[in-house]
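The annotation domain 'Major facilitator superfamily (MFS) profile' is assigned in TrEMBL to 274-456. Annotation comment: TrEMBL describes 6-25, 68-93, 105-125, 132-152, 158-175, 196-220, 226-246, 266-299, 339-357, 363-382, 394-417, 429-450 (among others) as transmembrane segment.
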Amino acid sequence: MCPFLIHITILHAYHMGSLLVNLYLQKQAPILDRCLLFVSILSDRKPPQTGGNKMRVNTEIFYNKNFLFYWLSAVITSLGDSIFVIALTWLLVEKTGSPAVVGTYLFILGISKLVFIIIGGAAVDRFDPKKLLLWSTLIRAAVILLSLSAVYSDFGGVWIFYLMSAIFGSVDAIAEPAAITARTRIVTKEFYTQSMGLLMTAGNVSAIIGPMLGAGLVAAGSTETAIIINALIFMAAAFLLSRVNITSEREPEQTGRMWQNIKDGFSYFLHTPIILTMAIFAFFSNAAVGAILLSIPFLSEELGFGVSGYGMMNTAIAIGGAAGSVLFSLAAINNPKPWMTLLTCFIQGIFILLTGVTGNLFMITALIALIGLQEAAVNVIAPSVNHAMIPSRMFGRVISVMILVMSGSVPLSQAAAGWLMETVEPQTIFIYEGLLEMVAAFCTFLLPFVRKFEKL
């Protein structure tokens, strides 16, 4: 009964909340169609297809029970991650009082993921992504409980935390491509953007609630209590994942050598111009965004807005991101194209550039909110475009290579921005990075095979 009640509760809540939006967007439809839409929403039947619209409100995804279980698992996993960040950070402060330990933990986490991401992608193509995702979630729960040994022991060293970070990074390297692959097998292509919007909404809500909940648990009980509850959250996520049915799309040759599978992934990536080009574009786009995120506190300080201004800017980017994710959770883009990604990034580049040429706090806050909105759009449209272009038979291998290329610029750009701000103003960083994203988007759009792309 529990899964059934979860399904019905979410479905009816969503329907009642989106009823007026549906009717408004269908105002050009005949009266009869509008009445049928109204009846379908109240009677738990699929709404009629209106067709023709590139972007429309669509509730069909909520009739997909597999996606509901997958999404609920993602919701509580995101919540668990947010709680664990607070609990672990506070535990490290209590036990070591050293910022260097926290920095080393994050470094090992990132390096471990970077080292194993390609292997993780190949593993996803060889094995059932649901099982990989399920086991990675259970391993996270076990590793979280491992941190309790640091609490109940005499804490002979920080090696326990470093071991945890290495395991977490390795598990994430498998979990990320497994989660993406699972989603593309649960929903069809026309629901890629909507499913990404719903996942982003879950992440944004968890990012707001999780830290407050984690801090509250630590304050009300203890760090140990927060850690135990966090482990239980991951176990609940694993249970929800176990309820998901995913169609297997493995090829017979995937039982061959792992190294050959990895080479095949790299070969496909390098010899498919549209995928290679969009990944290179994302390298520069992510570099621009990574640099400006690092520059925001320095911009606030330089302009005399202080910590309150910095807080307003952070809140603005969160509000913009939340608004964008909610928009794309309601609306579906049936056939996302590369030019949509490029246009969104070009507009984002304009907002970044304008942030660097104004000194008004409220104008900057509004622009940063728009940057957050565009970032949400990019994070929905770009993955949907990329996922639609990759054949399912080698999805894990190719997407892992793309993740490696696209995210590799962020630490480099942040380091470069930090170094440059020793000699130039933060506003200059915003101007340069805005121009970088705009030029990268424009130059990529000029390529005919990108601009006119339909499908592989």
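Every residue gets a Cβ built from N, Cα and C, even glycine.
Taking every listed stretch (68-93, 226-246, 266-299, 363-382) in turn, the largest tally of C-beta pairs under 8 A with the transmembrane segment (196-220) is reached by 68-93.
Scored on C-beta pairs under 8 angstroms, the neighbour of the transmembrane segment (68-93) with the top count among 132-152, 158-175, 266-299, 363-382, 394-417 is 132-152. Scored on C-beta pairs under 8 angstroms, the neighbour of the transmembrane segment (105-125) with the top count among 158-175, 226-246, 266-299, 363-382, 394-417 is 158-175. For the transmembrane segment (429-450), the most Cβ-contacting stretch among 132-152, 158-175, 266-299, 339-357 is 339-357 (pairs under 8 Å).
Tertiary neighbourhood of the transmembrane segment (266-299): same-chain residues 310, 313-314, 317, 338, 341-342, 345, 348-349, 352, 355, 364, 368, 371, 375, 378, 382, 385-386, 389-390, 394, 397-398, 401-402, 405-414, 416-418, 421, 426-427, 429-430, 433-434, 436-437, 440-441, 444, 447, 449-450, 453, 456, selected by CB-CB distance under 8 Å and a gap of 6+ residues from either end. Listed stretches 132-152, 363-382, 394-417 were compared with the transmembrane segment (158-175); the greatest number of C-beta pairs under 8 angstroms is found for 132-152.
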